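Enquirer: Could you have a look at this structure, given as structure tokens, before my questions?
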Amino acid sequence: MEKILVTFSTGAASIAVLAVLFTVPSLYNTINEVHDQVLDGVSVFRVETDSAWTEMMDIQITVTPPTKPRVNPFNSVFRQKRQTFSGLPAWCQCEPTKPTCPPGPPGPPGQPGAPGTPGAPGPKGDDNTATFAPLTCAPVSQDCVKCPQGPAGPAGPSGPAGPAGPDGQPGFPGQRGNDGFPGAPGAPGDNGQPGTPGQDGFPGQPGADGQRGSGAPGAPGAPGNAGPAGPAGQDGFPGQDGAPGPAGPAGQDGFPGNAGSDGQPGAPGGPGLPGNDAAYCACPPRSAVFLSRH
């Protein structure tokens, strides 16, 4: 009993160790995939927020009158780090694109703020003499998106069987079969009717007187030879038909029929699935890109 328990425990422990060895790499790969997906999502989110922030700043600059840019007082003390993108691949576009469309309609008015303290009256400003060219957008293309053809749909179901073909020409007559074995002799027929009695013969001459014998009677003689066979009787009535014999063996299989006609073509396949999203490249931090442009 103890040997059985030890063997069972050892087998269970071995199975558990093997399960752990096969499960840990799978969990590690799953965690790495989730980590990569999270990093990709964060990168996409940062790119979208940078683009939105840049568009908001451009709209604000377009709507509000141009003012003198604010100078960073620490530029004279600390040297600004130079941004370079020469180490990135050619397909990476890390700098935010500048919008070329006019600003949208103004948003709803916000909540009124608290009244501030009245400021001192400023000097009279100069008349504005600068003019700006109107902003125009590139024409929007109305062409349809040309997608690649989807994969072929599954094959349609088989069509119904075609109608049976016409009967063929009649075959040549077969050869005459061999004679069968002679039948068993029939049962003997019934006895025939008795014949008519013959005519009486003429009376014979009277015999001579015999002598009285004196001896004892002798032994009986041997039986005589059999007489000739009598005439054959009439044929008997035909016997009843015998019981049917057992069924013969099955004949050979017939020739295969002609192939049926092809079925109707299947329905066209559905539209293909959309392609995977394009991969994003790692971009520098938003603050450095924004400061380099503004």
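Quick reminder: no glycine exception, Cβ is built from N, Cα and C everywhere.
If you look up Swiss-Prot, you'll see 100-112 marked as compositional bias 'Pro residues'. The compositional bias 'Low complexity' annotation in Swiss-Prot covers 164-194, 219-265. Taken from Swiss-Prot, the feature domain 'Collagen-like' covers 218-276. The region 'Disordered' annotation in Swiss-Prot covers 100-133, 148-276. For 102-127, 148-277, the entry in Swiss-Prot reads region 'Triple-helical region'. Taken from Swiss-Prot, the feature signal peptide applies to 1-30.
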Enquirer: Using DSSP, break the compositional bias 'Pro residues' (100-112) down into helix, strand and coil residues and give each count.
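Expert: Residue counts in helix, strand and coil order: 0 helix, 0 strand, 13 coil.
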Enquirer: Tally the residues of the compositional bias 'Low complexity' (164-194) by DSSP class, grouping H, G and I as helix, E and B as strand, and everything else as coil.
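Expert: Across the compositional bias 'Low complexity' (164-194), DSSP assigns the residues as follows: 0 helix, 0 strand, 31 coil.
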Enquirer: Just give the helix, strand and coil counts over the region 'Triple-helical region' (148-277), going by DSSP.
Expert: 0 helix, 0 strand, 130 coil
